[in-house]
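Trainee: Copying in the features that TrEMBL gives for the protein in this structure:
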type    : residues                                                 : note
DOMAIN  : 11-192                                                   : domain 'Thiamine phosphate synthase/TenI'
BINDING : Gln41, Leu42, Arg43, Glu44, Lys45, Asn73, Ser112, Lys141 : 4-amino-2-methyl-5-(diphosphooxymethyl)pyrimidine binding site
BINDING : Asp74, Asp93                                             : Mg(2+) binding site
Amino acid sequence: MPLHRLFPYQLYLVISEEACRGRDFLTVARQAIAGGVDIIQLREKNIDTPAYLAKATQLKAITDHYNIPLIINDNVAVAQHIGAFGVHVGNSDTPPTEIRAQWGTLLQIGYSIEYLSQLDNEETLVADHLGISPVFSTATKTDTVTEWGLKGIELIRSKTNKPLIAIGNMNKTNAAAVMQAGANCIAVVSAICSAENPEKAAYELRNCLS
Ligand SMILES: Cc1ncc(COP(=O)(O)OP(=O)(O)O)c(N)n1
Ligand SMILES: Cc1nc(C(=O)O)sc1CCOP(=O)(O)O
Ligand SMILES: [Mg+2]
């Protein structure tokens, strides 16, 4: 099956209340959807599960309304509870094999690739799509390991057929090159959440993608 059928999303918004700079994150999500994002991840760090659940439930009402898949970062219980499309985990989170063992194919699993050696492990094998973590270093998340760059995308592309999500300082100036290097999708926080006009920012990013 062609990759775009497995993961038919090209513009991926990763949203948190903090990234929206005092604006209502639900309003920013609606604006981003109007501008053309086609998948959203809720990424709240340092929040307890009841508070995460409350935010996820509110956002799910919006994503359902617009028929946009919602992914929950880190918290599998929240993802499962709200009937999310999927969950995104990294090397410090619940491993994909555990999620798969418990929930089968109920949740799509995104998994961060920080080391090339991960491409040979069981966690990558069971994941549905992979985050290239990060393509370029970013102030939004500083606890990262490898800055993959365009060459890193090409290398990872040559080693896996899984859908690749490019994350880390993605913006209008690099989106086309990142896709050209082999990514299937770009994921952004600040380029949309911190933009003065999130709808326009999403629309302009969308136009950089094929
Ligand atoms: C699409 C996507 N890719 C990578 C990440 C990073 O996940 P992780 O390494 O678990 O780090 P945190 O986001 O949990 O800080 C992501 N969230 N989304
Ligand atoms: C959530 C996240 N994960 C990353 C990774 O490298 O795994 S970088 C990142 C934040 C991306 O923010 P911005 O679009 O503002 O650069
Ligand atoms: Mg994580």
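Cβ coordinates are placed from backbone N, Cα and C, and glycine is handled just like the others.
Note that this is a predicted model, so its numbers are computed, not measured.
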Trainee: Among Leu42, Glu44, Asn73, Asp74, Asp93, Ser112, please name the binding-site residues whose Cβ is nearer than 6 Å to ligand 1.
Mentor: Asn73, Asp74, Asp93, Ser112
Trainee: Under 6 Å from ligand 2 by C-beta, which of these binding-site residues make it: Glu44, Lys45, Asn73, Asp74, Asp93? Sequence order, please.
Mentor: none
Trainee: I'd like the Cβ neighbour count for Asp74 (Mg(2+) binding site), meaning other Cβ atoms within 10 Å of its Cβ, all protein chains included.
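Mentor: For Asp74 (Mg(2+) binding site), the count of other Cβ atoms within 10 Å is 19.
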Trainee: Glu44, Asp93: which of these binding-site residues has the highest Cβ count within 10 Å of its own Cβ?
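Mentor: The most densely surrounded of these binding-site residues is Glu44.
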Trainee: May I ask which residues of the same chain, at least 6 positions away in sequence, place their Cβ under 8 angstroms from the Cβ of Gln41 (4-amino-2-methyl-5-(diphosphooxymethyl)pyrimidine binding site)?
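Mentor: Long-range Cβ contacts: Tyr12, Leu13, Val14, Ile15, Leu70, Ile71, Ile72, Asn73, His88, Gly110, Ala187.
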Trainee: Arg43, Lys45, Asn73, Ser112, Lys141: which of these binding-site residues has the sparsest Cβ neighbourhood within 10 Å?
Mentor: Lys45
Trainee: If the criterion is a C-beta within less than 6 angstroms of any ligand 3 atom, which of the binding-site residues Gln41, Asp74, Lys141 pass it? List them in sequence order.
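Mentor: Checking each Cβ against ligand 3, the ones under 6 Å are Asp74.
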Trainee: Could you round the CA separation between Arg43 (4-amino-2-methyl-5-(diphosphooxymethyl)pyrimidine binding site) and Asp74 (Mg(2+) binding site) to a whole angstrom and send it over?
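Mentor: Cα-Cα distance, Arg43 (4-amino-2-methyl-5-(diphosphooxymethyl)pyrimidine binding site) to Asp74 (Mg(2+) binding site): 8 Å.
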Trainee: Measuring Cα to Cα, how many angstrom lie between Asp93 (Mg(2+) binding site) and Glu44 (4-amino-2-methyl-5-(diphosphooxymethyl)pyrimidine binding site)?
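Mentor: Between the alpha carbons of Asp93 (Mg(2+) binding site) and Glu44 (4-amino-2-methyl-5-(diphosphooxymethyl)pyrimidine binding site) there are 14 Å.
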Trainee: Return only the integer: C-alpha distance in Å from Lys141 (4-amino-2-methyl-5-(diphosphooxymethyl)pyrimidine binding site) to Asp74 (Mg(2+) binding site).
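Mentor: Approximately 15 Å lies between the Cα of Lys141 (4-amino-2-methyl-5-(diphosphooxymethyl)pyrimidine binding site) and that of Asp74 (Mg(2+) binding site).
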Trainee: Between Glu44 (4-amino-2-methyl-5-(diphosphooxymethyl)pyrimidine binding site) and Asp74 (Mg(2+) binding site), find the distance joining the two CA atoms and give it rounded to the nearest Å.
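Mentor: So the Cα of Asp74 (Mg(2+) binding site) lies 9 Å away from that of Glu44 (4-amino-2-methyl-5-(diphosphooxymethyl)pyrimidine binding site).
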Trainee: Roughly how many Å separate the Cα of Asp74 (Mg(2+) binding site) from that of Leu42 (4-amino-2-methyl-5-(diphosphooxymethyl)pyrimidine binding site), to the nearest whole number?
Mentor: 10
Trainee: Measure between the Cα atoms of every pair in Gln41, Leu42, Arg43, Glu44, Lys45, Asn73, Ser112, Lys141, the residues the record assigns to 4-amino-2-methyl-5-(diphosphooxymethyl)pyrimidine, and report the largest value in Å, rounded to a whole number.
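Mentor: Looking at Gln41, Leu42, Arg43, Glu44, Lys45, Asn73, Ser112, Lys141 as a set, their Cα atoms extend up to 17 Å apart.
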Trainee: Helix, strand or coil by DSSP: which one applies to Lys141 (4-amino-2-methyl-5-(diphosphooxymethyl)pyrimidine binding site)?
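Mentor: Note: Lys141 (4-amino-2-methyl-5-(diphosphooxymethyl)pyrimidine binding site) is in a strand by DSSP.
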